[in-house]
Amino acid sequence: IPSVSNIVPESCLLIVVGLLVGGLIKGVGEKPPILKSDIFFLFLLPPIILDAGYFLPLRPFTENLGTILIFAVVGTLWNAFFLGGLMYAVCQLGGPGLNHIGLLANLLFGSIISAVDPVAVLAVFEEIHINELLHILVFGESLLNDAVTVVLYHLFEEFASFEQVTILDIILGFLSFFVVSLGGVLVGVIYGVIAAFTSRFTSHIRVIEPLFVFLYSYMAYLSAELFHLSGIMALIAAGVVMRPYVEANISHKSHTTIKYFLKMWSSVSETLIFIFLGVSTVAGHHYWNWTFVISTLFFCLIARVLGVLVLTWFINKFRIVKLTPKDQFIIAYGGLRGAIAFSLGYLLDYKHFGMRDMFLTAIITVIFFTVFVQGMTIRPLVDLLAVKKKQETKRSINEEIHTQFLDHLLTGIEDICGHYGHHHWKDKLNRFNKKYVKKCLIAGERSKEPQLIAFYHKMEMKQAIELVESGGIGKIPSAVSTVSIQNINPQTLPLERVLPALSKDKEEEIRKILRTNLQKTRQRLRSYNRHTLVADPYEEAWNQMLLRRQKARQLEQKMNNYLTVPAHRVDSPTMSRARIGSDPLAYEPKEDSENLPIITIDPASPQSPESVDLMSEEPKGCSGLPPSPEEDEEGLVMRVKEPSSPGTDDVFTPGASDSPSNQRMLRCLSDPGPRPEPEEGEPFIPKGQ
């Protein structure tokens, strides 16, 4: 029924099935089976962790390892102590039923309930297809917090049997964290190398190749648990270390067997775990205390939210790709609890912890709340917040090549800068791996030639065998190419791969990352878009410059108006003589216009204005010579034009006044130019005004 599984996660449905089965068994008078801790830790948990570790996406995991470790170690410690301390306060204030629970018991309870469960996270996050970053952060935290949980659990369990806890015990407990975590990783690495070395010699017995992967992984888990180290971290380390070398040695069929057998095994374990949780809820002994259970649930949520907010604020100071508020909400909301907490609670001894039943009741309540309420509502919340989903398409060879190219480029940049970042150390590790480790752990020529060339040789061999079997070898020349073989055996072309289009937000985010973290690039002009107009920082300066140029042009124009003598309107000769004769004083110059040219006309002259010519048009002091007293009195003099001598052409023969400068001044005087503005006034104004 797909419509049901789209709303309710599979883990919730399995718990409901377990509840129904447990109720049915109890209804017929039988005692339902309880999920025992040794069955859970020895048989049901390892397949799920091995599947997760063997197929762990290594690149995003290593790139975000710092963030994952901070969430897993610091976040789990904060949750355990915050929750344990507050529950101790609740027990002291909660009345007679809770007063006997001490601080160590509450801290032990806090360490059990604080860890995020990998089984529950896998069950829910695989269904909602969240993006790779959020998935690896929450899932990586749930895997790596196992070391903290194991240390705190065994520490407080041991302290509960002590009469007095000393400072030395606390210091040894702190150091035991490093022993448990690093010891588990070391055990996993050792068994991973042994598995890779063994797979080098299995070419003649392909049938049992998958068995070595399961055998050595399980031995790594058991060896770690034997010494009270972190079995989960040992399994993850073994899977991560052995996979590249084992897959280079084993056949393709063995690889398929490992893949599907692990998936099937982990799926069966997951199903059994959730069904047993439901059955154990019906079958177990419960002691319900409203104060304790409700306080546990409330403080679990508060501790998770506060821890994520504070740690993300600190982590974002060092991350290039920041965790947004949506990401923080999903990380806080995805902190699901599961069967690991139940099994650890079930392991508690009645001698030291008489309140075990109440602890188990509170743990089951928290598990049910996180799996049912948070697990069912996380999918609609992801859709509502428009959180980026996972891209299901496989990466093309083009993307692989460019990714490797960028890795080499960033390694070179780090070397030039003298900065030893994770690209530098990754390059060193790859060189060491290629030079020494591959030669020891990978058989034959596969340790030397690249995978792409090896695949090409394999395809050539396969096509050659097919040709021999089909009997077409005699018709084909010996030096046959892949292209010609494909022409002989035409195959249908695969569908063209559709590349996902980059959204505007993603493009802007990439630009922002590049702009803030790589280098301060020059500001370039973008194409015009009226919806996304950006203020130009140089716009104001350009406007000021244009205004200054415009003012200078206007000033130059005004100066030309003052310096250019405007031409009078051409009147008839009779009107001109009448105007000048009636008021000769009207054309005397102003007192303050000493620098303007002065034109003196004899009003009694019988000549008409058409027969006069300009002889001296320069104002006083402008010719470079000191003005004579006569010129000082006369100004510009208009003289009668002398008649031309007989036999000369008035038009084509240049006269004395036809020099280029005179012609230019005549042209200037005949052109009125732009009309002066009213407030400037005219160069010649009546004397009486």
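Just so you know, glycine gets a Cβ as well, placed from its N, Cα and C.
TrEMBL: automatically predicted annotations, no manual curation.
If you look up TrEMBL, you'll see 504-531 marked as coiled coil.
The domain 'Cation/H+ exchanger transmembrane' feature in TrEMBL is assigned to 8-382.
TrEMBL lists 479-564 with the feature domain 'Sodium/hydrogen exchanger regulatory region'.
The region 'Disordered' feature in TrEMBL is assigned to 585-689.
Proximity of distant same-chain residues to the transmembrane segment (6-25), defined by a Cβ-Cβ separation under 8 Å and at least 6 residues beyond the stretch ends, is recorded for 31-32, 120, 123-124, 127, 270-271, 274-283, 368, 371-372, 375-376. Residues or ranges marked as transmembrane segment by TrEMBL: 6-25 (among others).
Annotation source TrEMBL lists transmembrane segment at 37-56 (among others).
Marked as transmembrane segment by TrEMBL: 68-91 (among others).
Positions annotated as transmembrane segment by TrEMBL: 103-124 (among others).
Proximity of distant same-chain residues to the transmembrane segment (136-156), defined by a Cβ-Cβ separation under 8 Å and at least 6 residues beyond the stretch ends, is recorded for 49, 52-53, 57, 60-61, 64-65, 67-69, 71-73, 75-77, 80, 104, 107-108, 111-112, 114-118, 121-122, 125, 173, 176-177, 180-181, 184, 228-233, 236, 330-331, 334-335, 340, 344. Residues or ranges marked as transmembrane segment by TrEMBL: 136-156 (among others).
Among the features that TrEMBL reports, transmembrane segment is placed at 168-198 (among others).
Here TrEMBL flags 218-241 (among others) as transmembrane segment.
Sequence annotations record features per position, and here TrEMBL assigns transmembrane segment to 262-284 (among others). Sequence-distant contacts of the transmembrane segment (262-284) (same chain, at least 6 residues past either end, Cβ-Cβ under 8 Å): 11, 14-23, 25-26, 31-35, 40, 43-45, 47-48, 50-52, 54-55, 119, 122-123, 338-339, 342, 357, 360, 364, 367-368.
Annotated transmembrane segment per TrEMBL: 290-316 (among others), in sequence order.
If you look up TrEMBL, you'll see 328-347 (among others) marked as transmembrane segment.
Annotation comment: TrEMBL describes 359-382 (among others) as transmembrane segment. For the transmembrane segment (359-382), same-chain residues at least 6 beyond its ends with a Cβ under 8 Å from one of its own Cβ atoms are 7-9, 11-12, 15, 109, 112-113, 120, 123-124, 127-128, 130, 277, 281, 284-289, 292-293, 296-297, 300, 329-330, 333-339, 341-342, 345-346, 348, 353, 389.
Within the same chain, the transmembrane segment (218-241) stays apart from the transmembrane segment (68-91): fewer than three Cβ pairs sit under 8 Å, each pair at least 6 residues apart. Over the coiled coil (504-531) the predicted model carries a mean pLDDT of 60.
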